[in-house]
Amino acid sequence: MSTSRQQQGRHQGHIARKRFGQNFLVDMGVIDSIVDVIRPQRGERMVEIGPGLGALTEPLIERLATPEAPLHAVELDRDLIGRLKTKFGGLLELHAGDALAFDFGSLAAPGEKASLRIVGNLPYNISSPLLFHLTSFAHRVIDQHFMLQNEVVERMVAEPGTKAFSRLSVMLQYRYVIDKQLDVPPEAFNPPPKVDSAIVRMIPYELHELAPVDERVLGEVVTAAFSQRRKMLRNTLAAYRDSVDFEALGFDLQRRAEDVPVDEYVRVAQIVAAKA
């Protein structure tokens, strides 16, 4: 790595590691705006994914953490874990490991009620699989606020009939109310990413608000539909024509995958699951 690249990727004596997808947030104005969007309250159960050097961690701790109710954080980089422990002490409870394998439900309060808030500047190289991993814990979560690549956020909030509407749109919109909150330019980071970023808010639907469906089957149906985006659904969903009477359902196969609303995919998946 050249000296200039090293300097650009160095912040507070730490060089950003590409394999961890590290881009450290450094713009204090942006940090303040993000915290204002999150609105942390004293004593809340909150976990930060990928705290990095603590740019977001510090103001979150100031607003919500107590020794009895610390901010939780999941971090993979062991060098950063040591620094964070030294800086924040008992106000930050660190969990060393990969967020893709972490049991976020273990941090929720006992009982069935949603109690956990999740935040983070997510590594862009694992953002989609991490978002899918988090759906398993949606029933324990109050809300999620994430920094993501703007292109991913646009897909998350996309409406049917638009090019951005995708498998990610369907699967996440089934589980969450999703809203884009804030645009973040590359220069807010060190090193600056090559893409624009955005803050997104995700509020899980309560279980009684969800149409009952086997999410594994829903995922299979949606994956098949979007497997060849330019083809009509009569081709991509052909394997389901024996189990689903699409005409009786009022499901038009003369459409492409991006033209179908979430609730229609759910109805197809319900029938497929019932006949399995």
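Along the chain as shown, residues are numbered 1 onward.
Cβ from N, Cα, C; glycine included.
Record features, source Swiss-Prot:
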BINDING   N23, L25, G50, E75, D98, N121  S-adenosyl-L-methionine binding site
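The Cβ neighbour count for D98 (S-adenosyl-L-methionine binding site), using a 10 Å radius over every protein chain in view, is 12. According to DSSP, D98 (S-adenosyl-L-methionine binding site) sits in a coil region rather than a helix or strand.
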